[in-house]
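Visitor: I have a structure I would like to understand better, so I am pasting it below and will then ask my questions one at a time.
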Amino acid sequence: MDTGGNSLASGPDGVKRKVCYFYDPEVGNYYYGQGHPMKPHRIRMTHALLAHYGLLQHMQVLKPFPARDRDLCRFHADDYVSFLRSITPETQQDQIRQLKRFNVGEDCPVFDGLYSFCQTYAGGSVGGSVKLNHGLCDIAINWAGGLHHAKKCEASGFCYVNDIVLAILELLKQHERVLYVDIDIHHGDGVEEAFYATDRVMTVSFHKFGDYFPGTGHIQDIGYGSGKYYSLNVPLDDGIDDESYHLLFKPIMGKVMEIFRPGAVVLQCGADSLSGDRLGCFNLSIKGHAECVKFMRSFNVPLLLLGGGGYTIRNVARCWCYETGVALGVEVEDKMPEHEYYEYFGPDYTLHVAPSNMENKNSRQMLEEIRNDLLHNLSKLQHAPSVPFQERPPDTETPEVDEDQEDGDKRWDPDSDMDVDDDRKPIPSRVKREAVEPDTKDKDGLKGIMERGKGCEVEVDESGSTKVTGVNPVGVEEASVKMEEEGTNKGGAEQAFPPKT
């Protein structure tokens, strides 16, 4: 395989990309609890595939700097962050009122190392934004991120801290406009809610709509005030396949890119929209899912790739490995190399899994109506919004560890985490693990449909600074330390937004 340093030739556009990949070896150790479908171990499985396919050698591999309290409080309420920092399995019985207040308990359980987990995945997403802002990479990847349901004042849908909102706020320091695209099967409600009233962030969510968590994302939810028409929702039904999905995705996203002209794109790649997902009901193949990544990559705009949902974890690892290859411009072989988790992928031991023969309930007429309605809404946006020339806010401090000095294929330690999947027996470890559980499907999506949080918004001013409004509003503390990169300050914290051309 011919490399180009950290940058490989892409597909049809022929343009090279430099890719930064954020990974913390300890992220797979966190454990939501017995029977819970969210398994951070899937991130370690993904990393193992990347190592054995040789993809780590073609990226800059970085260990994220943990997000600090003040970083998280750029969006989240300070008392909520304080609660996450202090709560433990041993003390939770003494904080019943707080657990209810912040919606922590069942879907979002308290577990050992909860706050460190939040700091880790949020740090990777914010770190990716900083790298993109400084032009140090073209694509940044954090598969541990993408937890799109978390609200300002509460946890929701397995998500505690909304790393996506934090990453977008960081990107807004450099870019006038940021586009958020969500291909998770669940509506990206937390991100939409945060930016519902601003025209500097456009949110586009392709999701299952109906009696399904979180119950939001109607096609008529289009934004409010200056954000009107800057929220796009694409409601889909069970069984949508690759062809049907891209009848909507490509024309809609093509028009969005033409009209909105974002300076950066954040793509949440939730893998629960794949065929056969434990909590999902779509019928996308891995190649069909990855086609969305390939399409957004083709616009040559700084791109942040994040994870998200995905509960048949062997397929999650397959998907994100393949999509890492797409980001690099490498066609990853279907035949899987032998590695620590090889037995999980039997009996075929291949990267790709055939879609099922489930019924596609999305008729051609329905898809055309959705496409026409959304294109009509986009036609009401005459031009991309701009902001006045302003001083650029300082960068968030992200002194991540560059691991490129080591052999990329040997960076992962298979002994530091449990070898457990939906259908595997646990191996003893320093982290308590659950027993084997069946790979059953939950037709309602996530366990326990919860009422959507109301009244919390992020107001973004022209400089990229933010103010959170709603329940228990708090002041926003900006990070004040400039990022030092290889002994020099690249990009300069004093840079201002360029004037609109």
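For all residues, glycine too, the Cβ spot is worked out from N, Cα and C.
As the structure is a computational prediction, the values presented were derived from the model and not from experiment.
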Visitor: Do you know which of Ser7, Ser129, Ser416, Ser429 is annotated phosphoserine by Swiss-Prot?
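Guide: Comparing Ser7, Ser129, Ser416, Ser429 with the record, Swiss-Prot tags Ser416 as phosphoserine.
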Visitor: Asp94, Asp272, Asp277: which one does Swiss-Prot list with Asp184, His186 for the Zn(2+) site?
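Guide: Of the residues offered, the record points to Asp272.
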Visitor: What number of additional C-beta atoms lies within 10 angstroms of the C-beta atom of His149 (active site, proton donor/acceptor)?
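Guide: Neighbour count, Cβ to Cβ under the 10 Å cut-off: 31.
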